[in-house]
Amino acid sequence: MVKFLEKVGGYARDVLESAKYIGQGMGVVFDHMRRKPVTVQYPYEKLIPSERFRGRIHFERPKCISCEVCVRVCPINLPVVDYEFNKETKKKELNSYSIDFGVCIFCGNCVEYCPTSCLSMTEEYELSVYDRHELNYDDVALGRLPTRVTDDPVVRPIRELAYLPKGVMDGHLEDPGSRRAGELPEEIVARLRPADHSSGTDANKKEGE
């Protein structure tokens, strides 16, 4: 009789434990039933890149002074700068400029150290081609500005879940005119400036005492 009761008790515990785990799993299922799918229906839907997204590099030829700083700071010496020295003006004249995006690691060093800001990062990331030699962009191809995801009439922009406001689980519900994820440089400076000012005033007070 005792063994029978022990078996019944063990069976009941197993049933309760199984019911608990099933309930936990169904709780997750019911929680996700209230959400919309997070799969992006590319190419009809595209994620909105953040403000500091490192995409295809844009080149402005009139600003380039052929200083080759971009080549020196590049980890793989990637940009190819072809120029001639004009003896009359004593300046370098650019003939051609090219970057092979099949080799580029998109580190952004060339953009950061360019003295004339002729290089900039765009939000273009669709660089798929059938021939890898087509990824070698010359100054004409680099000078083309891509269409922004938010301005493309045939694409539905979606914001990534990591950048959605608290409590919002659907990137489709974001307002069309909402800003991108991340802070702009001037916003970072404005946020840090009050802290620097307060620390400076505290230091001045201590020196005065």
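Placement of Cβ uses the backbone N, Cα and C atoms for every residue, glycine included.
Per Swiss-Prot, the [4Fe-4S] cluster 2 site holds Cys104, Cys107, Cys110; the candidate it also names there, chosen from Cys74, Cys118, is Cys74. One way to see the shell of the [4Fe-4S] cluster 2 site is to take the Cβ centroid of Cys74, Cys104, Cys107, Cys110; the remaining same-chain residues with a Cβ within 8 Å of it are Ile57, Cys70, Val73, Pro75, Ile76, Leu78, Pro79, Ile99, Ile105, Phe106, Gly108, Asn109. Across the fold, the C-alpha of Cys67 ([4Fe-4S] cluster 1 binding site) and the C-alpha of Cys104 ([4Fe-4S] cluster 2 binding site) stand 20 Å from each other.
Here the candidates are the binding-site residues Cys104, Cys107, Cys110. The one whose C-alpha lies nearest to that of Cys70 ([4Fe-4S] cluster 1 binding site) is Cys110.
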